[in-house]
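A quick write-up on the structure given underneath.
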Amino acid sequence: MENGKCQEDTPKELYEVPPLIKNISSVQVAGFDSIEECNEEIDPPNNPSTLRIQGNVSSSGVQSDAEFQLDNHRRKNNVSLSMPPSPVGVQLSPKTVFSTGERIPNNGTSGLAALEKPQKATLFHSQPIPMGSTFEDATRNIKAAPHPSISRLKDRRYDSFKTCSGKLARQLTILRGKSQQQIRPDETEAQEAVIENNLPAERYFAALEGPELETLRPSEEILLPDDKTWPFLLRFPISSFGMCLGVSSQAIMWKALASSASTKFLHLSLKINFVLWIISIALVITVASTYLLKVLLYFEAVRREYYHPIRVNFFFAPWIALLFLAIGVPPSVASKLHPALWYVLMTPFLCLELKIYGQWMSGGQRRLSKVANPTNHLSIVGNFVGALWGASMGLKEGPIFFFAIGMAHYLVLFVTLYQRLPTNATLPKELHPVFFLFIAAPSVASMALANIQGSFDNASRMIYFIAMFLYFSLVVRVNFFRGFQFSLAWWAYTFPMTGAAIATIRYSTEVTNIVTQVLAVLLSVIATVIVGSLFVTTIIHAFVYHDLFPNDIAIAISDRKPKPPHKNWFQNLRNGNSESQNIENFLKFSDPDSKDLEACVGPKTSEGEDGNVPSSSDQPQ
């Protein structure tokens, strides 16, 4: 076919034309296979049933000129296709071929069978294209088993502890293209969950129990799921900086062993100090970076740790670790640091002490007699470490200032802990290593005073002897420190024992004899073995057993007190209506001149009687 004329060479046999081509009208679609009027008829004798492709398809013969002109001037109908709104719809819809006026199923049937049964004319109207992403709408209905870690990240119950939560989260959701109707109900409930930012101290004492206030009471509930493992940052506590204290103090000890005159016989190199100092820097950067991510992503969890009566003491640990790095810097790196660095690092200590020590004096639920714990030594020992470093740099007034503050509060804390005023409760076995914090403050204080005075005088020696007595009084109690599982509290062994070894090295320099030298080496070996063992054990529990950081229950307590259980009439009848008995005893034996009205009702005795109620033998006859 060329230039609208009939072909001269006609094939002898015409193959069967596909159904789609058979139903295309050349005069209805402009410019498609237009054939001019042709007088020749193609009707091979061998195939009489072959159809002609000419104008409109007709089974009766050739069209007349009038019909051809009428069809040629017929209105061209537009083809309208209804596209599915998503790619998934293409797979679900039947495969059809649309043409003007007919709907022909594409099921592989022959063209003659399709033409014998004419289909009804069907009108197709264009559908509006839905707004938004069709891929998201299509994949939203696909149910697939998500990965457990992805499900934990999408759990909306953790949103109350995130930095971006509440109204800001709803605004970000709307900016991403979601309307208020598209937000799921669980997302709305999680975003509208408002928790109290600053929990009072009495709430921690009411919801938690134990000397460290880390065990949830049976009647309390937590805000986070207790049957799942929380995100890592929520389980990463501020007490992790204890590892930094242990390793960085080792760098100071090996620097003292290599440079002290009393230990020259060991012929130690300062390269050990350099290697330990590099490891300490890497560890401090790792722990600090991880906790900084927690501050940025879960600020509410950090806030709750800060308002925890016991956990707040660990906020001194990062700054103490930086002081250890400054004291243990190798001579090959820097022989002397600038004094301005001392003022920069001691400023956080002053700010924290103004708040913590002020709460100890002002009373209330955060008074020292209420919150006293061996971990309070962390808030004390920073003063002595700062005074030690400042005096070695040649400063005078600043080190004396911090030494005086630390000594005053250490004496008060020492007496308070000895008397067991807070709860009269015994520390559990898992927290027995915390007792070694008693050694840290006097050990560092003896060296700080020696640097301030210029020599290891009698006052420094008295403080040093106190540290040694506490050290040996704990070491001889072997059964006191075994039989419990590993935890981060074990790092409380390392820093105080290393401090005692450094103080002994300093004392052996002033009093050099075989006893002091052997004692210095012995304490150094013990501290090194313990730090190395704990370091390896910590790595195994963190990366092999994955149990180093359990769920931190202390930060997930609810800000609402639990409702008391409702007693029915049968329980009240069985208990004898104890409230009415207490009121009767109060009215019967109360003293109108006494101001302590609560003391009028005494405790219950073993016989179930009130302790303040006089017996029959005490009644006047």
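Backbone N, Cα and C atoms are what each Cβ position is placed from, and that goes for glycine too.
Per TrEMBL, the features are as follows:
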- 584-621: region 'Disordered' (REGION)
- 232-254: transmembrane segment (TRANSMEM)
- 274-293: transmembrane segment (TRANSMEM)
- 314-334: transmembrane segment (TRANSMEM)
- 340-358: transmembrane segment (TRANSMEM)
- 400-419: transmembrane segment (TRANSMEM)
- 431-450: transmembrane segment (TRANSMEM)
- 462-482: transmembrane segment (TRANSMEM)
- 488-507: transmembrane segment (TRANSMEM)
- 519-544: transmembrane segment (TRANSMEM)
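The stretch from 232-254, 274-293, 400-419, 488-507, 519-544 with the most CB pairs below 8 A to the transmembrane segment (431-450) is 488-507. Long-range contacts of the transmembrane segment (232-254) within the same chain: residues 158, 161, 224, 268, 272-273, 276-277, 279-280, 283-284, 287, 290-291, 293-294, 297-298, 301-302, 305, 311, 314-315, 317-318, 320-321, 324-325, 327-328, 488-489, 491-495, 498-499, 501-502, 505, 524, 527-528, 531, 534-535, 538, 549-552, 555, each at least 6 residues beyond the stretch ends and with a Cβ under 8 Å from a Cβ of the stretch. Residues of the same chain lying 6 or more positions beyond the ends of the transmembrane segment (462-482) and with a Cβ under 8 Å from any Cβ of it are 432-433, 435-436, 438-439, 442-443, 445-446, 449, 456, 497, 500, 503-504, 507. Long-range contacts of the transmembrane segment (519-544) within its own chain (CB-CB distance under 8 A, at least 6 residues past either end) are made by residues 243, 246-247, 250, 253, 257, 262-263, 266, 486, 488, 490-491, 493-494, 497-498, 500-501, 504-505, 507-508. For the transmembrane segment (314-334), the residues of the chain that approach it from at least six positions outside its boundaries are 237-239, 241-242, 244-245, 248-249, 251-252, 255, 259, 270, 273-274, 276-277, 280-281, 284, 288, 291, 305-306, 341, 345, 348-349, 352, 375, 378-379, 381-382, 385-386, 388-389, 392, judged by C-beta separation under 8 angstroms. Distant neighbours of the transmembrane segment (340-358): 312-313, 315-316, 319, 322-323, 326, 379, 382-383, 386, 389-390, 393, 395, 398, 402, 405, 409; these residues of the same chain sit at least 6 beyond its ends, with a Cβ under 8 Å from one of its Cβ atoms.
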